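**Student:** Structure incoming, see below.
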(Lines of atoms letter the chains of each structure in order from A and count residues from 1; the text may use other names and numbers.)
(Lines give C-alpha, C1' and ligand atoms only; values in the text may rest on other atoms or scores of the structure.)
Protein backbone atom coordinates (compact mmCIF):
# COMPACT_ATOMS: atom_id res chain seq x y z
CA UNK A 1 0.00 0.00 0.00
CA UNK A 2 1.47 3.33 -1.04
CA UNK A 3 2.04 6.08 1.46
CA UNK A 4 -0.48 8.87 1.66
CA UNK A 5 0.67 11.88 -0.34
CA UNK A 6 1.15 15.21 1.39
CA UNK A 7 -1.31 17.57 -0.24
CA UNK A 8 -0.86 20.37 2.30
CA UNK A 9 2.48 21.64 0.98
CA UNK A 10 0.75 23.79 -1.64
CA UNK A 11 -1.60 26.67 -0.93
CA UNK A 12 -5.02 25.98 -2.41
CA UNK A 13 -5.37 29.62 -3.39
CA UNK A 14 -2.22 29.35 -5.51
CA UNK A 15 -3.49 26.14 -7.09
CA UNK A 16 -6.88 27.66 -7.89
CA UNK A 17 -5.33 30.80 -9.34
CA UNK A 18 -3.04 28.92 -11.73
CA UNK A 19 -5.85 26.58 -12.85
CA UNK A 20 -7.96 29.64 -13.74
CA UNK A 21 -4.97 31.37 -15.34
CA UNK A 22 -4.35 28.29 -17.49
CA UNK A 23 -7.98 28.32 -18.60
CA UNK A 24 -7.64 32.02 -19.49
CA UNK A 25 -4.56 31.26 -21.60
CA UNK A 26 -6.52 28.50 -23.35
CA UNK A 27 -9.17 31.09 -24.24
CA UNK A 28 -6.51 32.94 -26.23
CA UNK A 29 -6.75 30.21 -28.89
CA UNK A 30 -10.21 31.30 -30.19
CA UNK A 31 -9.04 34.90 -29.78
CA UNK A 32 -6.19 34.26 -32.20
CA UNK A 33 -8.53 32.39 -34.54
CA UNK A 34 -10.97 35.32 -34.68
CA UNK A 35 -8.15 37.85 -35.05
CA UNK A 36 -6.52 36.01 -37.94
CA UNK A 37 -9.82 35.29 -39.63
CA UNK A 38 -10.87 38.93 -39.47
CA UNK A 39 -7.54 40.12 -40.86
CA UNK A 40 -7.74 37.85 -43.90
CA UNK A 41 -9.90 37.91 -47.01
CA UNK A 42 -13.29 36.24 -46.71
CA UNK A 43 -12.33 33.44 -49.08
CA UNK A 44 -9.60 32.19 -46.72
CA UNK A 45 -11.03 33.26 -43.35
CA UNK A 46 -12.17 29.84 -42.12
CA UNK A 47 -8.90 28.11 -43.04
CA UNK A 48 -7.09 30.23 -40.46
CA UNK A 49 -9.63 29.33 -37.79
CA UNK A 50 -9.19 25.69 -38.75
CA UNK A 51 -5.39 25.63 -38.59
CA UNK A 52 -5.32 27.48 -35.25
CA UNK A 53 -7.77 24.93 -33.85
CA UNK A 54 -5.87 21.97 -35.30
CA UNK A 55 -2.52 23.24 -34.03
CA UNK A 56 -4.00 23.42 -30.54
CA UNK A 57 -4.99 19.75 -30.63
CA UNK A 58 -1.60 18.66 -31.99
CA UNK A 59 0.22 20.65 -29.33
CA UNK A 60 -1.78 19.04 -26.53
CA UNK A 61 -0.70 15.60 -27.78
CA UNK A 62 2.91 16.64 -28.36
CA UNK A 63 3.20 18.20 -24.91
CA UNK A 64 1.83 15.09 -23.23
CA UNK A 65 3.89 12.76 -25.43
CA UNK A 66 7.33 14.31 -24.91
CA UNK A 67 7.14 18.09 -25.16
CA UNK A 68 7.01 18.77 -21.44
CA UNK A 69 9.88 16.39 -20.79
CA UNK A 70 12.05 17.89 -23.55
CA UNK A 71 11.51 21.37 -22.15
CA UNK A 72 11.40 20.92 -18.37
CA UNK A 73 12.78 17.56 -17.26
CA UNK A 74 14.74 18.51 -14.12
CA UNK A 75 17.39 15.82 -14.66
CA UNK A 76 18.52 17.24 -18.04
CA UNK A 77 22.12 18.45 -18.09
CA UNK A 78 22.81 19.51 -21.70
CA UNK A 79 21.67 23.11 -21.22
CA UNK A 80 20.10 22.96 -24.68
CA UNK A 81 17.16 20.54 -24.46
CA UNK A 82 15.70 18.22 -21.87
CA UNK A 83 15.62 14.41 -21.79
CA UNK A 84 12.79 11.87 -21.81
CA UNK A 85 12.64 11.17 -18.07
CA UNK A 86 9.11 12.62 -17.98
CA UNK A 87 7.96 11.03 -21.26
CA UNK A 88 4.16 10.70 -21.23
CA UNK A 89 4.07 12.71 -17.97
CA UNK A 90 5.83 9.88 -16.09
CA UNK A 91 6.62 10.98 -12.53
CA UNK A 92 4.87 14.31 -13.04
CA UNK A 93 2.56 14.62 -10.09
CA UNK A 94 2.85 16.31 -6.70
CA UNK A 95 6.52 17.22 -6.43
CA UNK A 96 7.33 20.97 -6.53
CA UNK A 97 7.45 22.19 -10.11
CA UNK A 98 10.62 23.14 -12.02
CA UNK A 99 9.31 26.69 -12.33
CA UNK A 100 8.28 27.42 -8.75
CA UNK A 101 7.91 25.62 -5.43
CA UNK A 102 4.49 27.23 -5.06
CA UNK A 103 2.72 24.73 -7.36
CA UNK A 104 3.10 21.01 -8.18
CA UNK A 105 4.63 19.68 -11.38
CA UNK A 106 1.31 18.36 -12.69
CA UNK A 107 -0.27 21.82 -12.60
CA UNK A 108 2.88 23.44 -13.97
CA UNK A 109 2.92 21.05 -16.93
CA UNK A 110 -0.70 21.93 -17.73
CA UNK A 111 -0.05 25.66 -17.51
CA UNK A 112 3.06 25.47 -19.67
CA UNK A 113 1.18 23.36 -22.21
CA UNK A 114 -1.17 26.28 -22.79
CA UNK A 115 1.83 28.51 -23.46
CA UNK A 116 3.01 26.10 -26.15
CA UNK A 117 -0.50 25.96 -27.64
CA UNK A 118 -0.69 29.74 -27.93
CA UNK A 119 2.80 29.95 -29.43
CA UNK A 120 2.12 27.49 -32.23
CA UNK A 121 -1.29 29.10 -32.84
CA UNK A 122 0.44 32.44 -33.42
CA UNK A 123 2.99 30.79 -35.71
CA UNK A 124 0.51 29.13 -38.08
CA UNK A 125 -0.77 32.55 -39.13
CA UNK A 126 2.19 32.44 -41.52
CA UNK A 127 0.15 30.27 -43.92
CA UNK A 128 -2.36 33.07 -44.55
CA UNK A 129 -4.20 32.84 -47.88
CA UNK A 130 -1.82 30.49 -49.72
CA UNK A 131 -0.70 27.71 -47.38
CA UNK A 132 -2.22 24.22 -47.24
CA UNK A 133 -3.52 23.21 -43.85
CA UNK A 134 -2.42 19.53 -43.68
CA UNK A 135 1.31 20.21 -44.19
CA UNK A 136 1.06 23.09 -41.70
CA UNK A 137 -0.49 20.75 -39.14
CA UNK A 138 2.31 18.21 -39.64
CA UNK A 139 4.86 21.00 -39.39
CA UNK A 140 3.59 22.08 -35.96
CA UNK A 141 4.51 18.79 -34.27
CA UNK A 142 8.12 18.93 -35.42
CA UNK A 143 8.42 22.66 -34.81
CA UNK A 144 7.31 22.28 -31.21
CA UNK A 145 9.83 19.46 -30.72
CA UNK A 146 12.85 21.05 -32.38
CA UNK A 147 12.29 24.78 -31.81
CA UNK A 148 9.87 25.55 -28.99
CA UNK A 149 11.10 22.91 -26.53
CA UNK A 150 14.76 23.98 -26.80
CA UNK A 151 13.83 27.67 -26.45
CA UNK A 152 11.75 26.89 -23.34
CA UNK A 153 14.59 24.81 -21.92
CA UNK A 154 17.10 27.63 -22.45
CA UNK A 155 15.05 30.22 -20.57
CA UNK A 156 13.09 28.32 -17.91
CA UNK A 157 14.68 24.93 -17.17
CA UNK A 158 17.00 25.22 -14.17
CA UNK A 159 19.66 23.48 -16.29
CA UNK A 160 19.14 25.64 -19.40
CA UNK A 161 22.05 27.81 -20.49
CA UNK A 162 19.96 30.98 -20.49
CA UNK A 163 18.61 30.32 -17.00
CA UNK A 164 22.04 29.62 -15.53
CA UNK A 165 23.47 32.68 -17.30
CA UNK A 166 20.87 34.92 -15.67
CA UNK A 167 18.56 35.75 -18.59
CA UNK A 168 15.43 37.59 -17.47
CA UNK A 169 12.48 36.22 -19.46
CA UNK A 170 9.34 36.31 -17.36
CA UNK A 171 6.58 34.75 -19.51
CA UNK A 172 8.16 33.97 -22.85
CA UNK A 173 9.87 36.70 -24.84
CA UNK A 174 12.12 34.03 -26.31
CA UNK A 175 10.07 30.83 -26.51
CA UNK A 176 6.68 32.43 -27.19
CA UNK A 177 7.20 35.76 -28.94
CA UNK A 178 10.50 35.35 -30.79
CA UNK A 179 9.62 31.70 -31.42
CA UNK A 180 6.28 32.52 -33.05
CA UNK A 181 7.28 35.81 -34.72
CA UNK A 182 10.59 34.74 -36.23
CA UNK A 183 9.23 31.24 -36.87
CA UNK A 184 6.24 32.69 -38.70
CA UNK A 185 8.57 34.85 -40.80
CA UNK A 186 10.70 31.82 -41.73
CA UNK A 187 7.63 29.75 -42.64
CA UNK A 188 6.29 32.57 -44.82
CA UNK A 189 9.70 32.85 -46.49
CA UNK A 190 9.73 29.17 -47.43
CA UNK A 191 6.08 29.37 -48.48
CA UNK A 192 6.67 32.30 -50.83
CA UNK A 193 4.74 35.45 -51.57
CA UNK A 194 1.11 35.55 -52.58
CA UNK A 195 0.51 36.35 -56.24
CA UNK A 196 0.69 40.04 -56.92
CA UNK A 197 -3.00 40.37 -57.80
CA UNK A 198 -3.77 39.03 -54.31
CA UNK A 199 -1.60 41.73 -52.77
CA UNK A 200 -3.35 44.62 -54.52
CA UNK A 201 -5.73 46.68 -52.38
CA UNK A 202 -5.79 44.14 -49.58
CA UNK A 203 -7.67 44.86 -46.37
CA UNK A 204 -9.33 42.79 -43.60
CA UNK A 205 -12.73 41.34 -44.42
CA UNK A 206 -14.17 41.72 -40.89
CA UNK A 207 -12.74 44.39 -38.59
CA UNK A 208 -15.35 43.64 -35.91
CA UNK A 209 -13.87 40.14 -35.64
CA UNK A 210 -10.39 41.67 -35.39
CA UNK A 211 -11.53 43.73 -32.40
CA UNK A 212 -13.29 40.77 -30.79
CA UNK A 213 -10.19 38.60 -31.18
CA UNK A 214 -7.97 41.33 -29.75
CA UNK A 215 -10.00 41.75 -26.58
CA UNK A 216 -10.29 38.00 -26.06
CA UNK A 217 -6.50 37.91 -26.32
CA UNK A 218 -6.18 40.80 -23.87
CA UNK A 219 -8.34 38.93 -21.36
CA UNK A 220 -6.34 35.73 -21.78
CA UNK A 221 -3.06 37.61 -21.62
CA UNK A 222 -3.80 38.59 -18.04
CA UNK A 223 -3.76 34.88 -17.19
CA UNK A 224 -0.66 34.49 -19.34
CA UNK A 225 1.34 37.18 -17.54
CA UNK A 226 -0.15 37.25 -14.06
CA UNK A 227 -0.12 33.45 -13.87
CA UNK A 228 3.61 33.36 -14.61
CA UNK A 229 4.24 34.35 -10.99
CA UNK A 230 2.88 30.83 -10.24
CA UNK A 231 0.90 31.98 -7.25
CA UNK A 232 -1.72 34.40 -5.99
CA UNK A 233 0.79 37.04 -4.91
CA UNK A 234 1.70 40.68 -5.46
CA UNK A 235 4.01 39.88 -8.35
CA UNK A 236 1.00 38.53 -10.22
CA UNK A 237 -0.90 41.75 -9.56
CA UNK A 238 2.08 43.81 -10.71
CA UNK A 239 2.33 41.76 -13.91
CA UNK A 240 -1.37 42.33 -14.58
CA UNK A 241 -1.02 46.07 -14.04
CA UNK A 242 2.03 46.30 -16.30
CA UNK A 243 0.22 44.32 -19.00
CA UNK A 244 -2.73 46.70 -18.92
CA UNK A 245 -0.54 49.80 -19.10
CA UNK A 246 1.67 48.52 -21.92
CA UNK A 247 -1.35 47.42 -23.97
CA UNK A 248 -3.21 50.71 -23.53
CA UNK A 249 -0.28 52.93 -24.46
CA UNK A 250 0.79 50.65 -27.31
CA UNK A 251 -2.67 50.83 -28.85
CA UNK A 252 -2.93 54.60 -28.53
CA UNK A 253 0.52 55.27 -30.00
CA UNK A 254 0.00 52.94 -32.98
CA UNK A 255 -3.39 54.49 -33.72
CA UNK A 256 -1.98 58.03 -33.57
CA UNK A 257 0.89 57.12 -35.89
CA UNK A 258 -1.62 55.81 -38.42
CA UNK A 259 -3.79 58.91 -37.95
CA UNK A 260 -0.97 61.26 -38.91
CA UNK A 261 -0.90 59.61 -42.36
CA UNK A 262 -4.56 58.92 -43.11
CA UNK A 263 -6.42 61.33 -40.81
CA UNK A 264 -8.54 58.33 -39.81
CA UNK A 265 -8.72 56.47 -36.48
CA UNK A 266 -7.87 52.95 -37.58
CA UNK A 267 -9.49 50.17 -35.56
CA UNK A 268 -7.03 47.65 -36.94
CA UNK A 269 -4.21 50.00 -35.99
CA UNK A 270 -5.46 50.31 -32.43
CA UNK A 271 -5.78 46.53 -32.12
CA UNK A 272 -2.32 45.99 -33.60
CA UNK A 273 -0.74 48.38 -31.11
CA UNK A 274 -2.62 46.80 -28.21
CA UNK A 275 -1.29 43.37 -29.12
CA UNK A 276 2.24 44.74 -29.57
CA UNK A 277 2.09 46.21 -26.06
CA UNK A 278 0.92 42.90 -24.61
CA UNK A 279 3.70 41.11 -26.47
CA UNK A 280 6.34 43.38 -24.93
CA UNK A 281 4.77 42.87 -21.50
CA UNK A 282 5.14 39.09 -21.84
CA UNK A 283 8.86 38.93 -20.96
CA UNK A 284 8.91 42.11 -18.86
CA UNK A 285 5.71 42.49 -16.83
CA UNK A 286 7.02 40.53 -13.85
CA UNK A 287 10.30 42.45 -13.64
CA UNK A 288 9.66 46.16 -14.24
CA UNK A 289 7.79 48.90 -12.28
CA UNK A 290 4.57 50.43 -13.69
CA UNK A 291 6.19 53.65 -14.93
CA UNK A 292 8.57 51.55 -17.02
CA UNK A 293 5.61 49.65 -18.47
CA UNK A 294 4.25 52.97 -19.77
CA UNK A 295 7.59 53.77 -21.40
CA UNK A 296 7.69 50.26 -22.84
CA UNK A 297 4.16 50.58 -24.26
CA UNK A 298 4.97 53.87 -25.99
CA UNK A 299 8.23 52.57 -27.46
CA UNK A 300 6.66 49.30 -28.55
CA UNK A 301 3.67 50.95 -30.23
CA UNK A 302 5.99 53.16 -32.28
CA UNK A 303 8.73 50.66 -33.13
CA UNK A 304 6.36 47.82 -34.03
CA UNK A 305 4.33 50.18 -36.21
CA UNK A 306 7.38 51.05 -38.29
CA UNK A 307 8.55 47.42 -38.19
CA UNK A 308 5.56 46.44 -40.35
CA UNK A 309 7.54 47.92 -43.26
CA UNK A 310 10.40 45.45 -42.78
CA UNK A 311 8.55 42.75 -44.68
CA UNK A 312 8.83 44.89 -47.81
CA UNK A 313 12.57 45.20 -47.23
CA UNK A 314 12.90 41.45 -46.64
CA UNK A 315 10.59 40.65 -49.60
CA UNK A 316 8.78 38.17 -47.35
CA UNK A 317 4.99 38.10 -47.43
CA UNK A 318 4.35 38.15 -43.67
CA UNK A 319 0.63 38.69 -44.24
CA UNK A 320 -0.38 39.06 -40.59
CA UNK A 321 2.74 40.92 -39.42
CA UNK A 322 3.86 38.17 -37.05
CA UNK A 323 7.45 39.39 -37.09
CA UNK A 324 6.64 43.08 -36.57
CA UNK A 325 4.31 42.50 -33.65
CA UNK A 326 5.50 39.35 -31.92
CA UNK A 327 9.21 39.12 -32.64
CA UNK A 328 9.97 42.86 -32.46
CA UNK A 329 7.65 43.34 -29.48
CA UNK A 330 9.25 40.40 -27.65
CA UNK A 331 12.74 41.74 -28.35
CA UNK A 332 11.78 45.15 -26.94
CA UNK A 333 10.38 43.56 -23.79
CA UNK A 334 13.52 41.47 -23.25
CA UNK A 335 15.77 44.51 -23.68
CA UNK A 336 13.59 46.55 -21.32
CA UNK A 337 14.39 43.97 -18.63
CA UNK A 338 18.05 44.80 -19.06
CA UNK A 339 17.27 48.47 -18.49
CA UNK A 340 14.34 48.57 -16.06
CA UNK A 341 14.32 45.16 -14.38
CA UNK A 342 14.04 45.58 -10.61
CA UNK A 343 14.84 43.01 -7.93
CA UNK A 344 12.14 44.66 -5.79
CA UNK A 345 9.43 43.74 -8.30
CA UNK A 346 10.83 40.24 -8.84
CA UNK A 347 10.85 39.51 -5.11
CA UNK A 348 7.13 40.25 -4.74
CA UNK A 349 6.35 36.55 -5.27
CA UNK A 350 8.29 35.65 -2.12
CA UNK A 351 10.39 33.13 -4.05
CA UNK A 352 12.79 34.97 -6.38
CA UNK A 353 14.28 37.18 -3.70
CA UNK A 354 17.89 36.99 -4.91
CA UNK A 355 17.36 37.76 -8.61
CA UNK A 356 19.21 40.87 -9.78
CA UNK A 357 17.52 43.44 -11.95
CA UNK A 358 18.88 45.59 -14.77
CA UNK A 359 20.43 49.02 -15.05
CA UNK A 360 18.17 50.64 -12.47
CA UNK A 361 19.68 48.15 -10.00
CA UNK A 362 23.18 48.98 -11.33
CA UNK A 363 23.46 45.51 -12.85
CA UNK A 364 25.11 46.80 -16.04
CA UNK A 365 25.91 43.45 -17.60
CA UNK A 366 22.25 42.43 -17.76
CA UNK A 367 21.62 44.34 -20.98
CA UNK A 368 24.24 42.46 -22.98
CA UNK A 369 23.03 39.17 -21.49
CA UNK A 370 19.56 40.01 -22.77
CA UNK A 371 20.92 41.08 -26.16
CA UNK A 372 22.94 37.89 -26.61
CA UNK A 373 19.88 35.81 -25.69
CA UNK A 374 17.81 37.68 -28.29
CA UNK A 375 20.41 37.03 -31.00
CA UNK A 376 20.63 33.33 -30.13
CA UNK A 377 16.85 32.86 -30.04
CA UNK A 378 16.26 34.73 -33.33
CA UNK A 379 18.98 32.99 -35.32
CA UNK A 380 18.20 29.49 -34.04
CA UNK A 381 14.47 29.91 -34.60
CA UNK A 382 14.74 31.21 -38.16
CA UNK A 383 17.26 28.64 -39.37
CA UNK A 384 15.66 25.57 -37.82
CA UNK A 385 12.11 26.64 -38.74
CA UNK A 386 13.12 27.18 -42.35
CA UNK A 387 14.84 23.77 -42.48
CA UNK A 388 11.82 21.96 -41.04
CA UNK A 389 9.44 23.72 -43.43
CA UNK A 390 11.64 22.99 -46.45
CA UNK A 391 11.97 19.29 -45.59
CA UNK A 392 8.21 18.90 -45.17
CA UNK A 393 7.64 20.76 -48.44
CA UNK A 394 9.81 18.16 -50.23
CA UNK A 395 7.71 15.21 -49.03
CA UNK A 396 5.22 14.03 -51.69
CA UNK A 397 1.70 15.05 -50.73
CA UNK A 398 2.88 17.57 -48.15
CA UNK A 399 3.69 20.55 -50.36
CA UNK A 400 3.21 23.61 -48.21
CA UNK A 401 1.57 25.83 -50.80
CA UNK A 402 -1.73 25.55 -52.62
CA UNK A 403 -1.67 25.75 -56.46
CA UNK A 404 -2.32 29.15 -58.09
CA UNK A 405 -5.96 28.29 -58.82
CA UNK A 406 -6.44 27.39 -55.16
CA UNK A 407 -5.05 30.73 -54.08
CA UNK A 408 -7.39 32.49 -56.51
CA UNK A 409 -10.48 30.58 -55.36
CA UNK A 410 -9.52 30.75 -51.69
CA UNK A 411 -8.27 28.16 -49.21
CA UNK A 412 -11.74 27.77 -47.71
CA UNK A 413 -13.20 26.51 -50.97
CA UNK A 414 -10.38 24.19 -52.02
CA UNK A 415 -9.45 22.73 -48.62
CA UNK A 416 -12.17 23.32 -46.02
CA UNK A 417 -15.41 23.17 -48.01
CA UNK A 418 -17.07 25.61 -45.64
CA UNK A 419 -16.92 29.35 -45.19
CA UNK A 420 -16.59 31.64 -42.19
CA UNK A 421 -19.31 33.84 -43.67
CA UNK A 422 -21.52 32.01 -46.16
CA UNK A 423 -22.46 34.84 -48.49
CA UNK A 424 -21.15 35.97 -51.81
CA UNK A 425 -18.43 38.52 -52.36
CA UNK A 426 -19.73 42.07 -52.64
CA UNK A 427 -18.98 44.71 -55.26
CA UNK A 428 -19.35 48.42 -54.83
CA UNK A 429 -21.06 48.76 -58.23
CA UNK A 430 -23.49 46.36 -59.88
CA UNK A 431 -21.66 46.49 -63.23
CA UNK A 432 -18.55 44.99 -61.59
CA UNK A 433 -20.25 41.57 -61.61
CA UNK A 434 -19.24 39.13 -64.34
CA UNK A 435 -21.03 35.97 -65.51
CA UNK A 436 -19.77 32.72 -63.91
CA UNK A 437 -18.32 31.56 -67.25
CA UNK A 438 -15.96 34.53 -67.47
CA UNK A 439 -12.72 34.91 -65.64
CA UNK A 440 -13.40 36.37 -62.21
CA UNK A 441 -10.77 39.05 -62.72
CA UNK A 442 -11.93 40.15 -66.20
CA UNK A 443 -13.71 43.46 -66.78
CA UNK A 444 -16.78 44.01 -69.00
CA UNK A 445 -15.87 45.78 -72.23
CA UNK A 446 -18.21 48.67 -71.42
CA UNK A 447 -16.12 49.54 -68.36
CA UNK A 448 -12.57 50.86 -68.17
CA UNK A 449 -10.03 48.17 -67.28
CA UNK A 450 -9.16 48.15 -63.59
CA UNK A 451 -8.55 45.88 -60.64
CA UNK A 452 -12.01 46.66 -59.31
CA UNK A 453 -12.79 43.05 -58.47
CA UNK A 454 -9.91 42.85 -56.02
CA UNK A 455 -10.81 43.45 -52.36
CA UNK A 456 -10.46 47.10 -51.47
CA UNK A 457 -7.81 48.78 -49.35
CA UNK A 458 -5.12 47.18 -47.20
CA UNK A 459 -4.98 46.24 -43.53
CA UNK A 460 -3.89 49.76 -42.57
CA UNK A 461 -6.82 51.53 -44.22
CA UNK A 462 -5.35 52.66 -47.53
CA UNK A 463 -8.11 53.88 -49.89
CA UNK A 464 -9.32 51.64 -52.70
CA UNK A 465 -7.43 53.08 -55.67
CA UNK A 466 -9.39 51.03 -58.20
CA UNK A 467 -12.65 52.35 -56.77
CA UNK A 468 -11.49 55.95 -57.01
CA UNK A 469 -10.18 55.50 -60.54
CA UNK A 470 -13.42 53.89 -61.73
CA UNK A 471 -15.60 56.74 -60.50
CA UNK A 472 -13.18 59.38 -61.73
CA UNK A 473 -13.61 57.97 -65.25
CA UNK A 474 -17.42 58.07 -65.10
CA UNK A 475 -18.71 61.66 -64.90
CA UNK A 476 -22.24 60.47 -64.25
CA UNK A 477 -21.19 58.98 -60.92
CA UNK A 478 -21.58 61.18 -57.86
CA UNK A 479 -19.05 59.07 -55.92
CA UNK A 480 -21.70 57.48 -53.72
CA UNK A 481 -22.44 53.78 -53.53
CA UNK A 482 -25.95 52.69 -54.38
CA UNK A 483 -27.95 49.58 -53.80
CA UNK A 484 -28.59 47.66 -56.96
CA UNK A 485 -32.23 47.11 -57.80
CA UNK A 486 -31.41 43.89 -59.57
CA UNK A 487 -29.98 40.96 -57.63
CA UNK A 488 -27.57 38.59 -59.29
CA UNK A 489 -25.99 35.28 -58.47
CA UNK A 490 -22.37 34.24 -58.29
CA UNK A 491 -20.89 30.79 -58.84
CA UNK A 492 -22.05 29.69 -55.39
CA UNK A 493 -25.69 30.38 -56.26
CA UNK A 494 -26.36 33.01 -53.59
CA UNK A 495 -28.18 36.25 -54.20
CA UNK A 496 -25.88 39.26 -54.39
CA UNK A 497 -26.63 42.32 -52.29
CA UNK A 498 -24.78 45.52 -52.99
CA UNK A 499 -22.75 46.96 -50.07
CA UNK A 500 -22.83 50.52 -48.78
CA UNK A 501 -19.34 51.78 -47.97
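Even glycines carry a Cβ here, placed using N, Cα and C.
Quick paste from TrEMBL:
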type	residues	note
COMPBIAS	435-453	compositional bias 'Polar residues'
COMPBIAS	457-474	compositional bias 'Basic and acidic residues'
COMPBIAS	483-501	compositional bias 'Basic and acidic residues'
DOMAIN	17-420	domain 'Ammonium transporter AmtB-like'
REGION	434-501	region 'Disordered'
TRANSMEM	15-36	transmembrane segment
TRANSMEM	48-66	transmembrane segment
TRANSMEM	106-124	transmembrane segment
TRANSMEM	136-158	transmembrane segment
TRANSMEM	170-192	transmembrane segment
TRANSMEM	204-224	transmembrane segment
TRANSMEM	236-257	transmembrane segment
TRANSMEM	264-282	transmembrane segment
TRANSMEM	288-307	transmembrane segment
TRANSMEM	327-348	transmembrane segment
TRANSMEM	368-392	transmembrane segment
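Set these features in their place in the structure for me.
**Tutor:** For the transmembrane segment (48-66), same-chain residues at least 6 beyond its ends with a Cβ under 8 Å from one of its own Cβ atoms are 29, 32-34, 36-37, 40, 84, 87-89, 109, 112-113, 116-117, 120-121, 123-125, 127-128, 133, 136-137, 140-141, 144-145, 416, 420.
Listed as Cβ neighbours of the transmembrane segment (106-124) (distance under 8 Å, sequence separation of 6 or more from its ends, same chain) are residues 15, 18-19, 21-22, 25-26, 28-29, 32-33, 48, 51-52, 55-56, 58-60, 62-64, 67-68, 71-72, 89, 92-94, 97-100, 136, 140, 143-144, 148, 152, 171-172, 175-176, 179-181, 183-184, 187, 220, 224, 227, 230, 322, 326.
Residues 51, 54-55, 58-59, 61-63, 66-67, 70-74, 76, 79-82, 98-99, 112, 115-116, 119-120, 123-124, 127, 164, 167, 169, 172, 174-175, 178-179, 183, 187, 373, 376-377, 380-381, 384-385, 388-389, 392, 398, 400 of the same chain sit 6 or more residues outside the transmembrane segment (136-158) yet have a Cβ under 8 Å from a Cβ within it.
Distant neighbours of the transmembrane segment (264-282): 35, 39, 170-173, 176-177, 204, 207, 210-211, 213-214, 217-218, 221, 224-225, 239, 242-243, 246-255, 257-258, 293, 296-297, 299-301, 304-305, 308, 321, 324-326, 328-330, 332-333, 336, 459-461; these residues of the same chain sit at least 6 beyond its ends, with a Cβ under 8 Å from one of its Cβ atoms.
Through the fold, the transmembrane segment (368-392) approaches residues 135, 138-139, 142-143, 146-147, 150-151, 154-155, 162, 165-169, 174-175, 178-179, 182-183, 185-187, 189-191, 327, 331, 334-335, 337-338, 358, 398, 400 of its own chain, all at least 6 residues removed from its boundaries and within a Cβ separation under 8 Å.
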**Student:** Let me know the model's mean pLDDT on the domain 'Ammonium transporter AmtB-like' (17-420).
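**Tutor:** Overall, the domain 'Ammonium transporter AmtB-like' (17-420) comes to a mean pLDDT of 95.
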